[in-house]
Amino acid sequence: MELGCWTQLGLTFLQLLLISSLPREYTVINEACPGAEWNIMCRECCEYDQIECVCPGKREVVGYTIPCCRNEENECDSCLIHPGCTIFENCKSCRNGSWGGTLDDFYVKGFYCAECRAGWYGGDCMRCGQVLRAPKGQILLESYPLNAHCEWTIHAKPGFVIQLRFVMLSLEFDYMCQYDYVEVRDGDNRDGQIIKRVCGNERPAPIQSIGSSLHVLFHSDGSKNFDGFHAIYEEITACSSSPCFHDGTCVLDKAGSYKCACLAGYTGQRCENLLEERNCSDPGGPVNGYQKITGGPGLINGRHAKIGTVVSFFCNNSYVLSGNEKRTCQQNGEWSGKQPICIKACREPKISDLVRRRVLPMQVQSRETPLHQLYSAAFSKQKLQSAPTKKPALPFGDLPMGYQHLHTQLQYECISPFYRRLGSSRRTCLRTGKWSGRAPSCIPICGKIENITAPKTQGLRWPWQAAIYRRTSGVHDGSLHKGAWFLVCSGALVNERTVVVAAHCVTDLGKVTMIKTADLKVVLGKFYRDDDRDEKTIQSLQISAIILHPNYDPILLDADIAILKLLDKARISTRVQPICLAASRDLSTSFQESHITVAGWNVLADVRSPGFKNDTLRSGVVSVVDSLLCEEQHEDHGIPVSVTDNMFCASWEPTAPSDICTAETGGIAAVSFPGRASPEPRWHLMGLVSWSYDKTCSHRLSTAFTKVLPFKDWIERNMK
């Protein structure tokens, strides 16, 4: 395939040569063709096509004409290989060519650009670099394409050196500067000694040659491009940079090098040493940081520190100091400790006590791009493995506690199997000093009981079942005394601080007046009806607030629902877990066809009964009864009732075993089906026992429940 492309390209060039050698009297064979040149390229060409592009400089539409011929499918195929819009990539101003509906030979003659970007030249603006001999000048490269290579050689007069200063630098950053970079060497070719290699956008200090020539190389790889760079240069003598300290005099010799004549009391090649007393030279601030004198006598002449001077070091934003924060000038003229460095790092994100964090071993992360796929298809495995790839720089330097190196990965998981994670499971320290992904958190898994089916629910511990107790205020009756607690209802735990309960359980009968929170409490993990038989694992929690639904009707018991906010969080365990809230769309079958499990304690049980000690949490299966049939059923027994949209009626399911009398429990109703967070079956809260007229538990009359589905949004708003 590649050979065919090169053959076609070669033929195209041959055709172009033939065009230039045509005699003037050449007559067009096909008068419908755009011109003689097109006829030579495609003998039967009678049409042309236009390539539409955008000029990068001014963003106007440009283009050019190419000959084309109709194929068997009546499509116009190009008669020659053309480069598409890449010919305009480095243009600052483009020639409009044919993009206006007229015929031309724009592409054939190759007038691509009216003006190139600064630093680029040639018909396609892809050439760069030159030899510079002026005493001063500039090197400007405005933007750059992928895989660019440019070389400049600067020559100075004998006895002079060259000083190069970067005015602007915008290249891809890397600690090793191995992708996009400017490399400065002493001498006039690439074999000279490297003085400096720069990348990123931080301008280096002025660069000075050793001899009278300087070689500048720019290189870009095939992944990213930035704005380029701008540098100025000038010829100077070795003394131009004032290399002598302490007012020493710089003297040039015949070879162009220099010597320093020092004042009394100073010595050294650059007069840098003080003879009169010991002191410490300025340690300088770390790269990407700075220093401050925070103690002691300070500096001498701004360059040396007296004995006892304390210097503190600081880093710029998103950098962290590694090493000694302070250094002191000692009696021997040396600084204490080691010079610190500033490292790009990320502060560890805060997590809750429910989340466990683990630092993963440092490893190279790879990304597969379309270029990798191209290499995989075009080259052998051996050649592909030898192709250069980018690797992140290895971390260096120790960081203070609470910080992590660039590219460090943190893995998160919940500390307990009863919780599930929200947010990212893995986060990476980015170059910006921030972490990828979202902050993790752990919330309790709702509605999960292992290996439980609806027909086998008797004698089970339902971990979301909450026992609601009220404090007595009347005189004792033989079994209760003033101030004692007695069980009044069951509620459902929906998160660590929220219990959903029927509103009539926490209000005065027939009123909307709420019972004082001090006279109510919630017990979780309870199983036996007798409080004396409860295990030590139960949790007795105080209530901080009662939220009554605003539409609660204490007469009809419409909107019979309330929320209890717990003062302390419930401790999630095998015995205490929340139940899920369901939405209508979550039900796989219609609500009327659902088999619902009801659970609760017999709140009317006689404490003096022989079986009271062994009475436990009861459960059974009920079926939903049509609201109209429920009303007619009660009317047949002389009890007129109204079943609202916020209620549903249910009666005992004769095919399923049951040990519960729903009229005596004040319990909760739940259904098991797969949830949105997990395909595994989860139990969802569907209702709360509201009212019943079946005094004998004969199952002749249905029990009315508060339907939880219409109140889902209201519950979730108050769960936060």
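Note: Cβ is positioned from N, Cα and C throughout, glycine not excepted.
Record check of N96, N614 in Swiss-Prot: the feature N-linked glycosylation site is attached to N614. Bond annotation: of C630, C697, only C630 is listed by Swiss-Prot as forming a disulfide with C649. Bond annotation: of C271, C280, C315, only C315 is listed by Swiss-Prot as forming a disulfide with C342. Listed in sequence order, A238, C239, S242, P243, C244, Y258, K259, C260 are the same-chain residues six or more apart from C250 (disulfide bond) with CB atoms under 8 A from its CB. By the Cβ criterion (under 8 Å, sequence separation of 6 or more), the domain 'CUB' (128-236) is in contact with the domain 'Sushi 2' (387-444), since 3+ such pairs are found. In this structure, the C-alpha atom of C697 (disulfide bond) lies 94 angstrom from that of C150 (disulfide bond). Here C150 (disulfide bond) is compared against the disulfide-bonded residues C271, C329, C342, C414, C505, and the shortest C-alpha distance is to C342. In the three-state DSSP classification, C329 (disulfide bond) falls within a strand. Under DSSP, C505 (disulfide bond) is assigned to a helix (H, G or I) in the three-state scheme. DSSP classifies N614 (N-linked glycosylation site) as helix under the three-state reduction.
Cβ neighbour count for C697 (disulfide bond) (all protein chains, 10 Å cutoff from its Cβ): 16.
In the predicted structure, the domain 'Peptidase S1' (445-720) carries a mean pLDDT of 85.
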